[in-house]
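*Asks:* Look at TrEMBL and you will find 11-114 tagged as domain 'Fluoroacetyl-CoA-specific thioesterase-like'. The active site annotation in TrEMBL covers Thr30, Glu38, His64. Annotation source TrEMBL lists substrate binding site at Gly57, Arg108. Feature annotation from TrEMBL assigns CoA binding site to Gly57.
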Amino acid sequence: MMEEQSKRFLVKNEDTALAFGSGDLPVLATPRLIAMLENTAKEMPLELLKGDETTVGIEMNLKHLKATAVGKEVVCFARLTEIKKSILFFEIKATVGEDVIATGTHIRAIVNKQLFMKKI
């Protein structure tokens, strides 16, 4: 398996803990970092999907290891490590330059868009 996707994000003022309300400092907010990593993983398995399918996040486990200032570029990586039926397992990582700022795992489920929305 071991397919990997990467995406680059520039940290803006609206990405900070202060702006999100998750903290009091103008550094990259953990909720925003999670969204960056989830977005990176979401885009990877597109070739596995049929036209009426998408993926939804069902689990996130993240260690946010280092603060990141506004103006820095974050590179997010998602590596698809396993597929069990309709469940996709990822190892995730974020870096700023040479520094690893986050590591973790993420799980997504393949769902039919219409059937999923009918359940809500």
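Just so you know, glycine gets a Cβ as well, placed from its N, Cα and C.
Heads up, TrEMBL stuff is auto-annotated, nobody curated it.
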*Asks:* Determine, to the nearest whole angstrom, how far the Cα atom of His64 (active site) is from the Cα atom of Thr30 (active site).
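*Replies:* Cα-Cα distance, His64 (active site) to Thr30 (active site): 7 Å.
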*Asks:* Are there any residues at least 6 positions away along the chain from Thr30 (active site) with a Cβ closer than 8 Å to its Cβ? List them or say none.
*Replies:* Ala17, Ser22, Gly23, Leu62, His64
*Asks:* By the count of other Cβ atoms within 10 Å, pick out the sparsest of the recorded positions His64, Arg108.
*Replies:* His64
*Asks:* Could you give me the DSSP helix, strand and coil counts for the domain 'Fluoroacetyl-CoA-specific thioesterase-like' (11-114)?
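*Replies:* Output for the domain 'Fluoroacetyl-CoA-specific thioesterase-like' (11-114) reads 27 helix, 52 strand, 25 coil.
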*Asks:* Near the Cβ of Gly57 (substrate binding site), how many other Cβ atoms are there if near means within 10 Å?
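*Replies:* I count 18 other Cβ atoms within 10 Å of it.
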*Asks:* Just to confirm my parser: what is the rounded mean pLDDT across the domain 'Fluoroacetyl-CoA-specific thioesterase-like' (11-114)?
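*Replies:* Mean pLDDT, the domain 'Fluoroacetyl-CoA-specific thioesterase-like' (11-114): 96.
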*Asks:* Note down the number of other Cβ atoms within 10 Å of the Cβ of Glu38 (active site), including every protein chain shown.
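*Replies:* Taking every protein chain into account, the count is 20.
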*Asks:* Cα-Cα separation of Glu38 (active site) and Gly57 (substrate binding site), in Å?
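*Replies:* Between the Cα atoms of Glu38 (active site) and Gly57 (substrate binding site), the distance comes to 7 Å.
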